[in-house]
Amino acid sequence: MTSPKSLHGVNYAPITMTSTKSLHGVNYAPPRSFGTVLKANLKETLFPDDPFHEFKNEKLSIRILKGIQYFVPIFQWLPKYNLGLFKYDLLSGITIASLAIPQGISYAKLGDLPPIIGLYSSFVPPLIYAIFGSSRHLAVGTVATCSMLIAETIQQKVKPQENMPLYLSLFYTATLVSGLVQTALGVLRLGFLVDFLSHSTITGFMGGTALVICLQQLKGMLGLKHFTSHTDVVHVLRALFENRKEVGKLSKGINPPSLHLLNFSPEYISVAVKAGIITAIISLAEGIAIGRSFSILDNEQIDGNKEMIAIGLMNIVGSFTSCYLTTGPFSKTAVNHNAGCKSQMSNVVMSMCMLLTLLFLAPLFGYTPLVALSAIIMSAMLGLIDYEKAYHLYKTDKFDFLICMAAFFGVAFISMDMGLILSVGLALVRALLYVARPPTCKLGTITNTAFRDIEQYPGSNGTPGMLILKLGSPIYFPNSNYVRERILRWVRDEQSLANSKRNEIEYLLLEFGGVTSIDITGVETLFEVRRCLAATSIKMILINPRLGVMEKLIVTKFIDVIGKESVFLTIEDAIENCRFSLKCLSQSKSKDVEIA
């Protein structure tokens, strides 16, 4: 015959260098080079959104222009800006400025800072964000959580009442550290690190922090002159009962420079770095999550990495201009959105309003009663205790509820950073459990072409003489022992069931579509499984191995050991081939019996 031999439509012609390198339709092309694989993996890790796809086929001048617009978003929206949009942003900007003034003063006092620092922090950072930020809804300002967290961390080393200049310099230094960390995460496109703060962790942390902050405000509400520097519930309540028997001046002028106040002394830098790193992650998680939430309402998308750079730059510049940590607070962003903002210009308007306040009106706010500031903080914080979300977590996922409660009670009864550590630790334990104990399932047939998990579909049928297993995760060193033991346990259980039905297992079919990667330990595990199966005369069949997995199996010679004829594209192809082999084997045995 001149045409290639085939079976079931599969080309079995001899494989040569000029012919297609395939058998059963499976691609056996030579593995890609290390450089190619590394480039592909880095691109997928750092640029999953393919941000430069619009630039590829353009002229150099257009690519440069679009590149500038991409990295500095103001050049994208400002040329299209008009008076019709400005009237909405003017209203939004004035509205959020009216909220920023009392909040800025209140949150500065929450961090035991001079109240004027809160106003400074709503003047410069919004201008920076308007240039580099990608969200038109996010309204920049200080937040209670980070104000409290930085204060608690720095006060472990320096008390504001003992040395306010040093305390203030460490606040600026921590802000600089936060900005550098945030900018680095954005430039290196490591935004996925923020995802380690799960939704459950943020819910519990915000609720616990809100409770602590509300209790702290009892000092102002009750007019106490002595209080505790600790933030946990026990110390606060003790101070409240011990002192049960019992507004700063705001001067005019814009932000003075504070670059010379940054403190990198070895004695104090550790607390500044600690406060800076922790609040960098928390403020990023809060700011990006809030920006995305309001963008989704308008069917828009924001770039998380660009947001990191924008928030980082405004904190770097802020640390040079007497500002402390800022991000996108929920309350101010919600007001900005509801007031009808159309662009980042609303932040510019707010900044100009703060400029006028600093130049002409600041002294008037020195008469704001302390009890009013405490009331403003408490009213804002009570809305952060999300009882409904906690109850929803309890009803839907008990482990997520445990993570949430660890953050809540850790913050409330121990400390903010310890609550965060406990919650993130539990979340990582859960992730490690998923890694170390990946899902596997036995597949049965619902119809001739539908193979599904037999636990999910109890009525599905097995295939005589075969055990079909689906592996649903990468196979590598943390889970390889479990994968081996689980496969062999499936085989053992199936053999016991098969022996009772006098239906001997001849083939183990492993569906590899869900195995996204495999390391050397994982490959050695497959060798071990094959040896164990060979001892009981069971043959291993692989189905649909993915590109990276196939390359590793080729270079480690595993494919040579099991044979290319043992690798198939689909379960149907594998079953048909195995049935053909079983039929031939059965006929051969019958002939042997007849001859005997």
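Note: Cβ is positioned from N, Cα and C throughout, glycine not excepted.
Note: TrEMBL annotation is automatic and uncurated.
TrEMBL has this to say about the protein:
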DOMAIN    456-578  domain 'STAS'
TRANSMEM  85-101  transmembrane segment
TRANSMEM  113-132  transmembrane segment
TRANSMEM  166-190  transmembrane segment
TRANSMEM  196-215  transmembrane segment
TRANSMEM  399-429  transmembrane segment
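Model confidence over the domain 'STAS' (456-578) is summarised by a mean pLDDT of 89.
Across the domain 'STAS' (456-578), DSSP helix (H, G, I), strand (E, B) and coil residues number 62 helix, 22 strand, 39 coil. Tallying C-beta pairs under 8 angstroms between the transmembrane segment (166-190) and each of 85-101, 113-132, 196-215 places 113-132 first.
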